[in-house]
Amino acid sequence: MNQNKNNNNKNPKINLLIIGCGCIGLSTGIIALKSGNYKSVSIWAKDLPPNTTSNKAAALWYPFLCNPLDLVGKWSAETMQYYKDHIINDPKSGTITKKVNEIFRRPHPEDPEWKPYIKSFRRARKDELPDGYVDGYAIDDGFVMDTDMYMDYLVDQFKSLGGIIEQRHLVDIREAFVDHDVVVNCTGLGSRELFNDRTIYPGRGQIIVIKNSTDRSIMDEEDHIAYVIPRLTNTVLGGTNQEHDYNTNPTKKDTEEILKRVAMISPRFAKNRIEIQGVKVGLRPARHEIRLENEFFEGGSKLVVHNYGHGGSGFTVSWGCAIEAIKLVDQGLPKLLHFNKLISKL
């Protein structure tokens, strides 16, 4: 999709509403505004930065806890390219390039399904493997985001392009339909209630933010989750993925277990060598696969484009999914407009 403004879209301009103000909703809004195809673009959300799930994420570019893997690969590659073209050179974004290693204690001869989409993918060298690890992957040009800086950056970008943000909690999608014919649903876990999607559930993630730093991200998700993610101003240690757990309070038990696992993949981050700055908990929008599709309501007179269920890969697929979501809006508009034209003649 062309990120520059264009008037090639033959559909009449409409007022577009996006529900949700995490990295998915904001990215989608920015892509919509850059297209120049909409009369206005607004975001309604129950929670705004810095109080979103996105603000509590480790924010490493790497496909993680997300399906379907073939499309995740495509959207991840598109997101990586967007970071390179539009974000990485802006210091206000809090985004930096860091090498990423995923490591394995057992031989892992198969490559990930998303490998064909990532040109920089390679097998890890022996010198990149900690003691006790025998195999691994490497990406030399991955990205990490300081989440608070990055989310503020997205808000500023959205508003500077003319976007409007309103803190508003929807309990019924029909509230949105009063003034909008097209809505993009980026509510994540909120889709469980707003759209009665019982296939989405929380994947509780707890992270530890420390002052120390390192030169690469490293992760082990083979048996238990352990990762070290150096960001611009701090480093994140993680983590957990406790399915169907709604507890948003940090627990001492999880903190202790995270520190033990992290010390195994990177001994320099043993408990007695780090300075803890904080502990955060976020609920990942876990689902069997990302939902990115059109759904018509009220007999075909209203269109909802769903863009949720990104699991642990929200920052990894955000721009690719945003581009796809706006394509779906444009594809659904002719049917919507045809239906409304017929109704107006009755």
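In case you wondered, yes, glycine gets a Cβ from its N, Cα and C as well.
Taken from Swiss-Prot, the feature FAD binding site covers GLY22, ILE24, THR52, THR53, SER54, ALA58, ALA59, LEU60, THR187, ARG284, GLY311, GLY312, GLY314, THR316, and the record attributes it to similarity to another entry. Among the features that Swiss-Prot reports, D-proline binding site is placed at TYR227, ARG284, GLY312, with the record citing similarity to another entry. Residues or ranges marked as D-serine binding site in Swiss-Prot: TYR227, ARG284, GLY312. If you look up Swiss-Prot, you'll see ARG284, GLY312 marked as D-dopa binding site.
Non-local neighbourhood of THR187 (FAD binding site): ILE19, GLY20, GLY25, ALA45, LEU194, TYR308, each in the same chain, at least six residues away, with C-beta under 8 Å from its C-beta. Fewest other C-beta atoms within 10 Å: among the binding-site residues THR52, SER54, that description fits THR52. Of all residue pairs in the FAD-binding list (GLY22, ILE24, THR52, THR53, SER54, ALA58, ALA59, LEU60, THR187, ARG284, GLY311, GLY312, GLY314, THR316), the one with the greatest Cα separation is 21 Å apart.
Residue pair GLY314 (FAD binding site) / ARG284 (D-proline binding site) shows a Cα separation of 9 Å. Around GLY22 (FAD binding site), the same-chain residues six or more apart in sequence whose CB sits under 8 Å from its CB are THR52, THR53, SER54, MET151, CYS186, GLY188, GLY314, listed in sequence order.
A gap of 5 Å separates the Cα atoms of GLY311 (FAD binding site) and ARG284 (D-proline binding site).
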